[in-house]
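See structure below.
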């Protein structure tokens with residue numbers, strides 16, 4: 001009995017010690033966590049549950065994960081919380097930690113040496129912060145560590161050789177720092193290392209032959225350092241490599257022959273000083289998807305055997321000194337999307353076999369010595385988006401079959417020997433945004449069809465032999481930013497229609513034979529910063545408006561009869577002409593008689609018309625048809641509107657669109673309205689036009705601008721909309737209002753509102769409606785920055801039984817779905833592509849197209865390099881509390897802009913993801929009246945965790961976000 005009592009007492013004591021030990025450990029870990037929190041800054045609404053007074057259960061704290069048995073802290077995940085401050089040395093007191101993830105914050109200071117005390121650590125990610133100083137040697141004490149990610153900080157010093165003492169290290173990523181010194185050869189003897197990322201540092205030394213000792217290494221990236229020497233001859237022994245990137249260093253010598261033994265998918269050697277020939281053995285590397293040898297000093301011909309690379313999608317050989325012809329065998333590279341051979345010394349003709357490359361997206365052959373014509377077979381490259389042969393010796397004419405290149409946006413044939421007329425068929429390449437035919441021998445007149453290229457940004461026809469008049473149709477180029485027709489033989493007057501071009505930056509007309517006056521209408525081109533009309537035969541007064549004072553006098557020289565303040569010449573009478581001949585006098589007399597007859601007829605008809613109009617006031621009112629669609633405008637007449645706006649005086653103008661001018665009208669006893677005056681008069685099918693307006697007017701949604709009514713008159717068709725106090729999203733991001741800072745919460749609110757409006761059109765309207773021109777300038781913002789979709793002047797209803805509609809060109813350059821550009825068929829997925837571009841604008845603050853830069857292509861290239869976050873607008877990163885939301889929004893934007901429309905989400909799914917990023921309280925407070933489809937999503941989100949819902953949705957579309965897969 002006594003022995004039993006002793007055993008019981010002993011057992012209770014042991015349990016007591018265990019409980020005390022656990023409690024003591026939890027107490028110590030709780031103190032460590034509070035010390036870690038104390039070293040952070042920018043904690044607004046963050047880590048509120050880290051409170052050891054009111055919540056002692058530290059395992060329930062945000063980002064803290066505990067072991068199920070010992071209840072010790074084993075994982076700390078505070079990634080993408082926008083945390084500032086430093087990493088506390090107290091982190092070393094969490095001895096049982098297996099994972100630390102602090103990436104995507106703004107942590108500064110040095111990495112504490114105490115982190116080496118976390119002996120159980122397997123995963124350490126401190127990337128994308130502001131950490132500086134050396135990498136602590138204490139990290140080498142972490143014998144269980146498998147992943148060390150310190151990329152994109154400001155770390156200095158060498159790569160510690162002691163990292164080789166971590167026996168289980170599989171992934172080492174130190175890219176994007178300021179590390180110096182050589183890469184330790186000991187690092188190459190880590191048998192388990194699989195991923196080595198050292199790009200974007202200042203490392204020196206050479207590539208060691210020991211690099212192939214890493215038998216498990218598949219990713220080797222030292223891009224953008226200061227490495228010298230040659231590529232080791234033993235490079236062919238690196239048989240495990242899948243990605244090999246040694247680009248943008250100072251590597252010299254020739255490419256080793258045995259490099260062909262590699263089985264890499266990506267071989268990037270560009271931006272070095274490599275010499276010699278391209279080894280033919282590269283043509284045997286069947287796994288190659290990307291081959292980049294550009295910007296070196298390679299010589300010799302392009303090996304025809306490269307045509308065997310049937311899986312290669314990108315071939316970059318530009319910026320070398322390659323000679324010889326372009327091998328016709330390249331036409332066998334069936335998956336080739338990018339072929340850049342520019343800036344070499346290639347000769348011969350363009351092989352017709354390139355026309356077999358059905359997936360070719362970009363073909364750049366500029367700055368070589370190519371001769372002969374452009375093969376008409378090139379028009380068979382249905383996906384071709386960019387074609388550049390600038391700076392060659394090509395001749396002949398432009399193939400008429402180019403009209404079939406519906407996806408082409410960039411065409412540069414400048415500085416060659418092309419001749420003949422510019423074919424009218426170029427006007428059928430509807431998606432062109434840059435057309436450069438300068439520096440050739442084109443003759444004849446400029447085709448009027450070029451005025452149909454409504455998405456054109458740059459038109460350069462300079463230095464040719466073009467004659468005839470400058471087409472008035474150029475006034476239809478609503479998106480144009482630059483027109484250059486200098487150094488030709490053009491005659492006639494400067495068309496007044498050019499004054500309609502609201503985006504025009506440069507108008508270069510010098511060295512022609514233009515006559516007449518400079519149109520006053522050009523003063524309406526408020527964005528015009530470069531005007532050159534020198535050396536023509538212009539006369540009269542230079543427009544005296546003040547905005548013309550920004551042009552230098554040199555812009556007007558060489559026109560003897562031009563005068564005005566801007567050119568320093570006082571206007572006086574023109575020189576007396578010589579005495580008229582007898583024949584001239586007879587012609588003048590006959591002309592005067594004819595003119596008098598015409599005036600008499602005009603006066604007579606006018607009097608007859610007045611008699612008809614004076615018949616009754618009711619008939620007079622019939623000339624203008626006013627239709628009120630909502631009762632809030634019913635008390636007003638057309639005369640009220642004209643009186644308030646002084647017959648649409650220009651002082652009431654608040655904006656210009658591609659098809660209209662917009663005025664503000666402040667009516668009494670009602671809210672202000674926006675009046676959109678369409679450029680076109682009565683449409684061909686008036687009944688269809690009115691039916692469409694009535695359909696648009698029937699749409700009532702909090703995120704769609706309401707059409708209150710319309711007026712049809714001979715003086716112009718007017719549409720009456722809600723007036724939006726904060727203008728358009730484009731104005732706030734890119735225009736004169738961009739001084740208004742948009743924080744992340746406001747941008748997300750705008751994205752959610754626009755998505756809900758578009759989802760309503762796609763899923764809740766009967767028949768459903770496709771907007772067809774989603775862009776930032778068509779997203780208007782009220783006084784509360786609530787988004788409203790506008791500009792349904794081109795939207796059409798689609799019967800429920802149809803899945804697509806064929807129509808004329810719609811949309812705006814930079815937002816147009818490439819699939820629509822290729823097939824001319826449009827559906828809901830086209831709107832979703834455009835919405836994805838708007839999301840990218842919100843995230844980056846950049847324009848969809850800026851000069852020649854394309855925002856979508858920029859983000860794709862950064863996705864390739866995993867540097868997308870570098871493109872984020874600073875105002876977003878400063879105000880976003882969870883950078884993970886930004887990454888999700890980038891993912892969503894890239895999914896919306898997938899090349900294959902079938903892989904894009906629906907607007908319901910887009911709304912679901914965006915709503916999941918809005919805190920639940922904000923959703924409840926700021927989105928009180930939702931449409932039916934959005935309410936269903938809200939109900940789902942009440943049942944399930946929003947983040948989990950978003951995660952489930954992303955799983956459905958799971959894949960690596962990279963250029964090759966989008």
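These residue numbers are counts, starting from 1, taken along the chain as shown.
Cβ atoms are placed via backbone N, Cα and C, with glycine included.
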Of 562-582, 583-603, 604-624, 625-645, the range Swiss-Prot tags as transmembrane segment is 583-603
Record (Swiss-Prot) lists N-linked glycosylation site for one of 460, 726, namely 460
Excluding its own, the Cβ atoms lying within 10 Å of the Cβ of residue 645 (phosphothreonine) add up to 20
Here the 10 Å Cβ neighbour count for residue 537 (N-linked glycosylation site) comes out at 15
Counting only residues at least 6 beyond its ends, the same-chain positions whose CB falls under 8 A of a CB in the repeat 'LRR 8' (215-238) are 170, 175, 183, 191-209, 244-256, 258-262, 268-269, 274
Other same-chain positions with a Cβ less than 8 Å from the repeat 'LRR 5' (143-166) and lying at least 6 residues past its termini are 98, 103, 111, 119-135, 137, 172-184, 186-187, 189-190, 197-198, 203
Same-chain residues at least 6 beyond the ends of the repeat 'LRR 10' (262-285) with CB under 8 Å of its CB atoms are 223, 231, 235-236, 238-239, 241-256, 291-303, 305-309, 316-317, 319, 322
Whole-number mean pLDDT, the repeat 'LRR 3' (95-118), equals 94
Of the recorded positions 654, 660, 662, 773, the one whose Cα sits nearest to the Cα of residue 760 (phosphotyrosine) is 773
Integer Å value for the Cα distance linking residue 77 (N-linked glycosylation site) with residue 773 (active site, proton acceptor) is 42
Per DSSP (helix/strand/coil reduction), residue 637 (phosphothreonine) sits in coil
